[in-house]
Amino acid sequence: MRRCVAPLSPLISSSSSSSSFLRQAPWRFNIWESFTTVIGNRVYDLPVPEDNTPFITFVLGGPGSGKGTQCEKIVETFGFRHLSAGDLLRREIASKSKDGSMILNIIKDGKIVPSEVTVKLIQREMESSDNHKFLIDGFPRSEENRIAFERIIGAEPNIVVFFDCPVEEMVKRVLNRNQGRVDDNIDTIRKRLKVFEALSLPVINYYSQKGKLYTINAVGTEDEIFEQVRPIFATLKVSK
Ligand code: C5P
Ligand code: MG
């Protein structure tokens, strides 16, 4: 599958940073191709604990890959609790908490908020939830995020779902979604894509090597994409 070596968006390649994107393309191709070999021959037979032990799903993908949209469908169909790291951080900004302005500046710059801050927000939600089947969306974005979660929460994900989407498609979706986000502009999108490539892909690769990764082809209609997602959760025998 070679979608990820398709020519990069002129929007990206017209920037002064395009050369580093292009230089990294062969590396990105190798990583992505190794993910795609994971699909297909998986046996979806993971047990879901019946007691209060959490069942944790990390949902990963670049900006505009459709994580949030698909999480809503998983919630409707399979009754998970959806925790979006980005939404929790934006809520923190809106509540004018002590970390709010620091978080805002980092989000505007497309960078990653210190892991401890994000993990504590996730922890608060997990601890106060009656539903113990979690979809944690947009997290971990870096190895540091991943390690902080393991340290603070003391758990690892049961499964990791990765929405694999070409850069051009992600840029198009983010620029068209009109949600009034401070980071949905082309300059910040470029930065977010670079951060995704440098910091998030290694995390995805880590879970691929651990055999926990389910890769979804994130191109198509919402319903078409959900038909790839459905079997992962359907065979978990999770009741609503
Ligand atoms: O996932 P979402 O696109 O909503 O994230 C928006 C921004 O929130 C990211 O670009 C990043 O600045 C911040 N974020 C973070 N750490 C996470 C998730 C999001 O710093 N784990
Ligand atoms: Mg989102």
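Using the three backbone atoms N, Cα and C, a Cβ is placed for every residue, glycine included.
Automatic, uncurated: that is what TrEMBL annotation is.
For the ribonucleoside 5'-phosphate site, TrEMBL records ARG90, LYS111, ILE112, VAL113, GLY138, PHE139, PRO140, ARG141, ARG192, and the single candidate of ARG124, ARG177, ARG181 listed with them is ARG181. When the candidates GLY110, GLY220 are compared with the ATP site entry in TrEMBL, which names GLY64, SER65, GLY66, LYS67, GLY68, THR69, ARG177, the shared residue is GLY220. Nearest to GLY138 (ribonucleoside 5'-phosphate binding site) in space, judged by Cα atoms and limited to the binding-site residues GLY64, LYS67, ASN145, ARG177, GLY220, is LYS67. With a cut-off of 6 Å between Cβ and the nearest atom of ligand 1, the binding-site residues THR69, ARG90, ILE112, ASN145, ARG177, ARG181 reduce to ILE112, ASN145. If you measure from the Cα atom of ILE112 (ribonucleoside 5'-phosphate binding site) to that of GLY64 (ATP binding site), you get 17 Å.
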